[in-house]
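Lifted from TrEMBL, the feature list:
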DOMAIN    B:61-254  domain 'ABC transmembrane type-1'
DOMAIN    B:336-534  domain 'ABC transmembrane type-1'
TRANSMEM  B:7-27  transmembrane segment
TRANSMEM  B:60-87  transmembrane segment
TRANSMEM  B:99-116  transmembrane segment
TRANSMEM  B:136-155  transmembrane segment
TRANSMEM  B:192-215  transmembrane segment
TRANSMEM  B:235-257  transmembrane segment
TRANSMEM  B:278-303  transmembrane segment
TRANSMEM  B:346-363  transmembrane segment
TRANSMEM  B:375-400  transmembrane segment
TRANSMEM  B:412-437  transmembrane segment
TRANSMEM  B:457-480  transmembrane segment
TRANSMEM  B:513-533  transmembrane segment
Amino acid sequence: MLRIDDVSVRYGAEVALDGVSLEVPDGQVLAVLGPSGCGKSTLLRAVAGLEPLAGGRIFADGVDLRRTPTHRRGFALMFQDGQLFASKSVAGNIGYPLRLRRRAKATVAARVEELLDLVGLGGYGARRPETLSGGERQRVALARALAVEPRLLLLDEPLSALDAALRERLAVDLRRIITASGTTALMVTHDHEEAFALADRMALMRAGRVVQVGEPAQVWAHPVDVETALFLGYDRVVDGAATQVVLQAAGLAGAGAVALRRSALEVSPDGPLEGVVRASRAAPEVVRLVVETPALGEVSAVASTTEVAPGPGQRVRMRVIADRLAVVGDAATAGQVP
Amino acid sequence: MPRLRRIAGLVALAAGPVLVLGVFFVLPVSGMLGLGLWPDGRLDLEPAWEAITRERTARVAWFTLGAAASATVITLLLGIPAAYALYRLAIPGRRMLRAILLVPFVLPTVVVGVAFDSLLAADGPLGFLGWSDGPPAIITAMVFFNLAVVVRTVGSAWESLDPRPGEAAAALGARGWQAFWVATFPALRGSIVSAASVVFLFCATAFGVVLVLGGMRYATLETEIYLLTVNLFDLQAAAALCLLQFVMVLGLLAVAHRARRGAVAVQRVTARPRPVRVSDLPALLTTLLGVVLVAVPVLALVLTSLRDDGTWSLANYRRLGRSGDPDLPVSVTEALANSLRIALDATWMALLVGLLVAIVVTRRSYSPAERRVRGLLDGFFMLPLGISAVTLGFGFLVTLDEPPLDLRDSPLLVPIAQALVALPLVVRILIPVLAGIDDRQRQAAASLGASPLRATLTVDLAVVSKPLLAAAGMVFAVSLGEFGATSFLSRADHPTLPVLIFRLLGTPGEHHYAMAVAASVLLAATTATVMLITERLRVPGVGGF
């Protein structure tokens, strides 16, 4: 189990990590999610032993790692662009950590074959890294990281260097491989979809601090504040009097601000909200609208593609879909950090 | 804790090179300064000022600058069209022509001097020009020597230049020259300035060529320092001139650095060479002139070495192995053996120190303090760039001759000096290679369980091994031809080949001149072989400037 306890890292006067505390139980995947520059990569590097701590401690299985250099921590770090060794073949790369530990040649060869099969690259052993596609390289990097069954797998934006279609497919594979090997993992990413696809729990970071921790669905349903909601992909946040309008229309109770997805309002002839269409655009599955409403101002809405789409200037009625909105800062249910 | 350990590691790595540079660079240079400014233990600028304001010194200084400036201009005028023709046009055999233009650059300076001397001597093939000694011969030899710098530097920039800005200018109505001026020249400016500054620096510090061709009458600062030391024993005046030289070279480096900073960032592509047009004729003729300029002295050298008493024979080469000449301490082949042994020593020394320097300078800094230390070290290790080989040799001569460091008779003195001369070269080859390694490669290795040493072996050595071999070849070649520092330090009974060739030139006797020519061919062939092997490694950056 990894325990990060009140860890701070400074670059000169700049504070990159400010009192971060997190735990990753054995066999779980924790995703640290945040915009670029929030300190998440620094956190990963600090855990790997690549950044000196200005304060706090990091424990692995209860042992303080302060005096343990990177290469003795028994972790494996996987970079977003793989960082394969160009001078070694695919098999040479995957077998590298095994040879460092002086495993017998036959053992290494067998384990490399096993890992290549695990990541779906059987028969690729003799290839050179530069002949692989981006996705294949990441698989090799993953196999190399898993070769010695690390206590902790550290993933630095493992999929973000790949294109969208490949990313989705590899995310599923990655989740399968990590859970199949029972690996404990800490992953950082700025992509919430990546975090959802891979993680058991997620921690949101902003400006060097952790602002929210919880299961992905839970964090998603109850973002701790407005910025978090917007970062998670909510379209806009309404507050004040407008909150009650939305909540009543959705048939919910509550207070504070409400975050809306782009599809939270749907055109419906007997819906409780009314407005004038300002713009209309057909997307593959829905028609996306911008609607001016007296109560909420300009909001996004969707209409079904099966009917004739309402055009600009047309008056429409809309209903609010309860599971496409979230009450922000609902401390009772959100895993808020004190 | 890890921070302290890292800084301790940095200090330990840096300690070796710092010590080497301290003893073999700072000490000789300060000894030289002391001799010039602190004679008799107190500050006294009078003798130095007297030496600098001598009428002959002024003439020498002006000749140094004038010859270097003329040679630079001529080299650019010849080199830029040749760079265009050889790197941009689809000329059959252009690789061959490029290689021919590169030959002089690997020739030892003494050999170039001898080649021009034999070509322009009163009874030589071009004796009718009346250039047998004096400025035209010196300047031509400088151009011969440096043409490769311009062709190679400007050519490789031109080769990969995106042709589209020029095409855009043409599409807007610019004629050939106008398009060149608005689109091509700004993109090439950086490489031209960089080549020009390097050529000027090489010309202003040329030593062997000037000493052979100019004799006593036409001296540059470098040869004047040598003449004052060796012939006139006026060490104080020599030290004063070293100072002048030091200041001049530092000024030149500063100007070159500033000029290079203004370079425009240029899009690099692999452009295909263009078929030749009629309008390319001037460039082609200039290229031809350059090739002739390079080929003729080399051919003349080889032909002269094969003439004996008016007939063709190998007699001059047979004489090279003969010992027992009362005018010579050793035979030419023995001198070659000395040179090879010394080059071997100089090579491992320069590589060891250069590699350490490159590693120390390129490692990632984790704190501002560490970055400052690294910056200081970086500047310190670049100091030898600012000093000429002659000044270094002179400094060695005046400081390392008394206890505790009495190295006058040590066989390592010459290799150490040559290694220092070659050190900036090694550092310049290795730093870009090491700096190009993503630090995350080492981190990936460390996270997989590799110790720092093991990570270095896995990541750095794999990348650096080829450039290191190439650098070894370069140092070996430089050391074989090194004359500036060696001429001060070579022991009388253990001369290197360039030193012996120079001695042969100055020794009367019927066969000595012909032997010097044959020995030059031998030295040139040895150096060229080393360079050919190096070239085969195809390391980018080697041979570029």
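Glycine too: its Cβ is placed from the backbone N, Cα and C atoms.
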When counting Cβ pairs under 8 Å to the transmembrane segment (B:513-533), the leader among B:7-27, B:346-363, B:412-437, B:457-480: B:457-480
Winner by Cβ pairs under 8 Å against the transmembrane segment (B:7-27), considering only B:60-87, B:136-155, B:192-215, B:346-363: B:346-363
Other parts of the chain folded back onto the transmembrane segment (B:192-215), taken as Cβ under 8 Å at six or more residues beyond its ends: 64-65, 67-69, 71-72, 75-76, 79-80, 108-110, 112-114, 116-117, 133-134, 137-138, 141-142, 145-146, 149-150, 153-154, 221-223, 226, 245, 248-249, 252-253, 255-256, 259-260, 262-263, 388-390, 483-484, 487, 498, 502, 505, 545
Contact between the transmembrane segment (B:235-257) and the transmembrane segment (B:99-116) (3 or more Cβ pairs under 8 Å, separation 6+): no
Interface check, the transmembrane segment (B:346-363) with the transmembrane segment (B:278-303), three or more C-beta pairs under 8 A: no
For the transmembrane segment (B:412-437), distant same-chain residues with Cβ under 8 A (at least six beyond the ends): 24-25, 342-343, 345-347, 349-351, 353-355, 357-359, 361-362, 381-382, 384-385, 389, 392-393, 396, 400, 459-460, 463-464, 467-468, 470-471, 474-475, 478-479, 482, 484-486, 489-491, 496, 539, 541-542
When counting Cβ pairs under 8 Å to the transmembrane segment (B:99-116), the leader among B:60-87, B:136-155, B:278-303: B:136-155
